[in-house]
Amino acid sequence: MSAGNGNATNGDGGFSFPKGPVMPKITTGAAKRGSGVCHDDSGPTVNATTIDELHSLQKKRSAPTTPINQNAAAAFAAVSEEERQKIQLQSISASLASLTRESGPKVVRGDPAEKKTDGSTTPAYAHGQHHSIFSPATGAVSDSSLKFTHVLYNLSPAELYEQAIKYEKGSFITSNGALATLSGAKTGRAPRDKRVVRDATTEDELWWGKGSPNIEMDEHTFMVNRERAVDYLNSLEKVFVNDQYLNWDPENRIKVRIVSARAYHSLFMHNMCIRPTQEELESFGTPDFTIYNAGQFPCNRYTHYMTSSTSVDLNLARREMVILGTQYAGEMKKGLFSVMHYLMPKRRILSLHSGCNMGKDGDVALFFGLSGTGKTTLSTDHNRYLIGDDEHCWTETGVSNIEGGCYAKCVDLSREKEPDIWNAIKFGTVLENVVFDEHTREVDYSDKSVTENTRAAYPIEFIPNAKIPCVGPHPTNVILLACDAFGVLPPVSKLNLAQTMYHFISGYTALVAGTEDGIKEPTATFSACFGAAFIMLHPTKYAAMLAEKMKSQGATGWLVNTGWSGGSYGVGNRIKLAYTRKIIDAIHSGSLLKANYKKTEIFGFEIPTEIEGIPSEILDPVNSWSDKKAHKDTLVKLGGLFKKNFEVFANHKIGVDGKLTEEILAAGPIF
């Protein structure tokens, strides 16, 4: 025997324990209760007997609400919560209906991955009917019609985060709390793949032909793509549905429904559209416009009018949009903007691609400008309220933001340059195609490995000085921004109505393009109404509405050059941002209206001779150029580019006698 460790071994290698004192039994108090069960009294216990029951206690069900409108409240009082949900699901099922079978899928609310806590196995569902004149009912049954489609309806950002992290590869929570996502192969819009149905109505109403962004398709091809998108969405186990609004003006808002397959798309639209209250959702009803986003599934290249596997299709008569072959979320935002460019003018409301802010005294300014002109920077002013950064309507009562969020560029973003955007990137924000550290999840905004078009989509409430609701009175100033790399446009010019229309239609800025030998020269670019890719009607129609509203409200037009002075790019210098801000401040305060003005040659601009805090020599470009002949030659060159661009609009008559067209043409460069 060996007892070196206090134990003993027997001869066959087994263990035996020494005789003697043993450890006392643990006393639990069980005997006092008359039971042999051991009880742990060390802490409180939960009111659950299973782990599923415990999980069900973690989430409190949202209490049913009553519509704010008293009449609606009376109507809903007799309708149970279950009946309201059934009506809601029937509407969604109808949206997802195949137009050949004329019946929608069996839809049920909730995530299919979550177990039901009531023990039921077959969820209550709704079936929706869709009556169409396109094709007769066939009564055909498909595999997708035999299964349930789970609808994740108007989920909160937290719920959408969970869905994205669980099921979408490439979705991560960054160190600042934002959701980083990838948009797949497409990291920007595909304007060449955008199509608009040309029918008896749009034939005469829309702008077609040279210079137009509207590329036609026929009704049949749209229906083929619609069926393809709907079949794809119905084949999925779950889809995301957002019911939201466009336009903060309550008299002219539009109800939109977005059906998508990705949490990324649902959160993006949650941020970009106006978010309804629970009361508004209960009485939402049938949407005015529906988007079917099947972007993960390609279109059929052999279908007529298709040029690639991507197709973004608008049918204004059906008020539907179909997305195939691109997961870039910006297609939804700009697709709806195009719809507003069609619907709002029918109500005599001007839709505008502009920024908008308001002073503490209620003075409103509109900012128009292409990429790189400073529209976002100048419209975001800590001394003024932000109404919106991109899309607006000008109604009979004032201005309103179309959207409920902002879609800001992130490339080279810094806290110092753009503090408002930097601070808005937090929990709830979608960060699109950014690069981040694999361990710390800190975003590197200077890294363009995925794309230069990195973006952040966040609710407008994330901006501290946002005006909620996003509406304001009639604008006092209409500011057209141009980054003139030719260096011949004045830092600021006061425009008459005809000049405002001419430069609004032109939509000018200049880009700096590099060449192989390192020489860089400016390239003029023009985009009608500062947003040609999104307008539906002829540009002159929007310009005429703008002039009419400016005239009736006494608004002043301004052209502000944020580009070069003292020479073209490579010779002159960029106009200091501090000078431009002083100009904008003088416009806001009204002091610039009181300045002394003189007229320039070629373009005939009215320019101030003096502005406090700005060197007088830069106010007239010719004074800042050392080579006067080079200035004149460059000025004539730019004037020629304006004339050439405007040729496509010259023959379009506005009004009965075309007199307005003549006034606009006369407001252009003369030499």
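We number each residue from 1, going along the chain as drawn.
A Cβ is built for glycine as well, from the same backbone N, Cα and C atoms used for every other residue.
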Record feature phosphoserine (Swiss-Prot), assigned residue among Ser62, Ser379: Ser62
Binding-site annotation, Swiss-Prot, Mn(2+): partner of Lys334, Asp390 in His304, His353, His439: His353
From Arg84, Arg109, Arg189, the one annotated by Swiss-Prot with Tyr328, Lys334, Arg455 for substrate: Arg189
Arg455 (substrate binding site) to Asn271 (Ca(2+) binding site) - Cα separation in whole Å: 13
Packing count at Lys334 (substrate binding site) (other Cβ atoms within 10 Å of its Cβ): 21
DSSP-derived class (H/G/I helix, E/B strand, else coil) of Thr377 (ATP binding site): helix
Where the record names Arg189, Tyr328, Lys334, Arg455 as binding substrate, the maximum Cα to Cα distance in Å: 14
Largest tally of Cβ atoms lying within 10 Å of a Cβ, found at which of the binding-site residues Arg189, His270: His270
Number of Cβ atoms other than its own within 10 Å, given for Gly404 (Ca(2+) binding site): 24
Spatial neighbours of Gly369 (ATP binding site) that are distant in sequence (at least 6 apart) but have CB under 8 A: Gly355, Lys375, Leu480, Leu481, Ala482, Cys483, Thr509, Phe530, Thr562
Euclidean distance between Cα atoms of Ser371 (ATP binding site) and Asp390 (Mn(2+) binding site), Å: 11
